[in-house]
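Feature annotations, reproduced from Swiss-Prot:
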- 123-501: domain 'Protein kinase' (DOMAIN)
- L129, A130, S131, A132, S133, I134, A135, Q136, V137, K152: ATP binding site (BINDING)
- D287: active site, proton acceptor (ACT_SITE)
- 498-517: transmembrane segment (TRANSMEM)
- 521-540: transmembrane segment (TRANSMEM)
Amino acid sequence: MSISSLHRGYQVLRTLLHYGLDELLAKDKRPKLFPLIRGCFFWIRNQHKDKSAAERLKLAMQELGPVYIKLGQMLSTRRDLLDDEWAYQLAMLQDRVPPFDSALAREAIETELNASIDSLFDDFDDVPLASASIAQVHSATLKSNGKAVVLKVLRPNVEALILADLQLMSHCAALLERILGDGNRLRPAEVIEDYRLTILGELNLKLEALNAIKLRNNFLDSDALYVPYIYEDLSFTRLIVMERIYGIAVSDLSALKAQGTNLKLLAERGVELFFTQVFRDNFFHADMHPGNIFISRDHPDNPYYIGLDCGIMGTLTDVDKRYLAENFLAFFNRDYQRIAQLHLESGWVSEHTDIVAFEQAIKIVCEPMFNKPLAEISFGHVLLALFRTARQFNMVVQPQLVLLQKTLLYIEGLGRQLYPQLDLWQTAKPFLEQWMAKQVGPKALFDKFKSNAPFWAEKLPELPELVYDNLKLGRKLLGTQQQMLDKYLKYQHKAHKSNYLLITSAVFVICGTILFTQAVTLWASLLCLGTGAGLWLLGWQARPKNRKL
């Protein structure tokens, strides 16, 4: 481990002790060496005893910097793992850091472009439009067409810093998991691995560009979502150049009302967009927090969303989509047995799970939700309740569904912020029913046959040979089975003969012994004993020699 890694480790440890996070471990869970380690840093005391544990964790992550801030933000969406107070505190973490030097930004941009900024852009603004932990954004005008663009560039050395912190996190998570044991609900190693995959994906701006292009193409003819144009020839791993957009932040409700935006239509379109991305395209924006969503300034009576930052996208398998659709439909039909069966059929809970107990646990959690009108029931909280219940029965974690549940909570919160009377069920029900109809109807059967047709067309010429080989193998197996049966019968015959002779010999020996002890004629006794000995010898020789069939 390098000196810098040791120094960073000390910084993290000092911060954890400063906020008293070591006290979160129950005394019976603390390692034996814990008091000794704590004593070595006796001068670092908990300076925030007046604050709750959740608030202290939030402050510690804020102090530790961008990588930990992003981890906290991700944890705030894992409500299947955290209680509401912890999730609420971590959700308040802000990924805002001072901008880095514009000279470094220029150097990084020119390195990626292999050209000077002045040769490609006019009016490059050294003052960034936004600055975050991974990248910052500058505005400019393209020389080639005169259009306004923004350039998103990664921070210098950000990859090395993130990888170093991730390595330290992994070591800490492994240690914490050993301390807490397998039954712990938080599962630190799993959380850190999920976070590692997410944040490393955000470091590849070329991937973000390709995601944005795909999402834009999916909604080219849509009047509900607009994705800015990506200049693919100017986008690389550490730089992305895109069309500059002008809109109203979705969180700026007063500005939306001031321009007369149709908030009811906007809220309904948000839900429709989510289900369209999931069920039609199987490609959904999974980072739809307010900072990434804007609303058009033109046509406020027919508003549309503007989506930015496609670094985190989600996809689902057909099994996932069926699980999602059938679970929602079963929930609103109060069919808790079907919900339990779906988890079993998907292979996410063990086949040895007590299905009756699982069904009852789901019912206990879900039934109280029907005390409120259908329009007020949250899809995200339904999924959350199912995840939490299933985890009690050792459900295998499905990262793609956790990502979807997080996005669904964002969409619902956004929709009800825009229009509190939004009826999520009535808006989403047609999408779910249409998708299910496509999965089980005649057209679905024909589509599956059509998709498998190339495979069968390729295998068809091999069919006669496969049939011949199987018949040949069958005959060979039949012959082998007959040989084994003959051997078995022969073995049984010899075994029966041997047993018969040995038992008979035992009878003669017993009779001879009785005659001898009763002082009966000596010759009769010797005859019985001799006959018994002879029969025993014949029986022993008649034993099957080969016990292996």
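From the backbone N, Cα and C atoms, a Cβ is placed for every residue, glycine too.
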For this session: Out of S131, S133, give me whichever of these binding-site residues has the highest number of other Cβ atoms within 10 Å.
Result: S133
Exercise. Which entry in the list of binding-site residues, L129, A135, V137, has its Cβ near the fewest other Cβ atoms, using 10 Å as the limit?
Worked result: L129
Exercise. Just counting, how many other CB atoms are there within 10 A of the CB of D287 (active site, proton acceptor)?
Worked result: 21
Seminar exercise, completed: As a whole number of Å, the Cα atom of A135 (ATP binding site) is distant from the Cα atom of the residue listed as 'active site, proton acceptor' by 16
Problem set entry | D287 (active site, proton acceptor) versus L129 (ATP binding site) - Cα distance in angstrom | 20
For this session: Tell me, roughly as an integer, the mean pLDDT over the domain 'Protein kinase' (123-501).
Result: 81
Problem set entry | D287 (active site, proton acceptor) and V137 (ATP binding site), Cα-Cα, nearest whole angstrom | 18
Exercise. Around the ATP site (L129, A130, S131, A132, S133, I134, A135, Q136, V137, K152), what further same-chain residues have their C-beta within 8 angstroms of the site's C-beta centre?
Worked result: P99, P128, V153
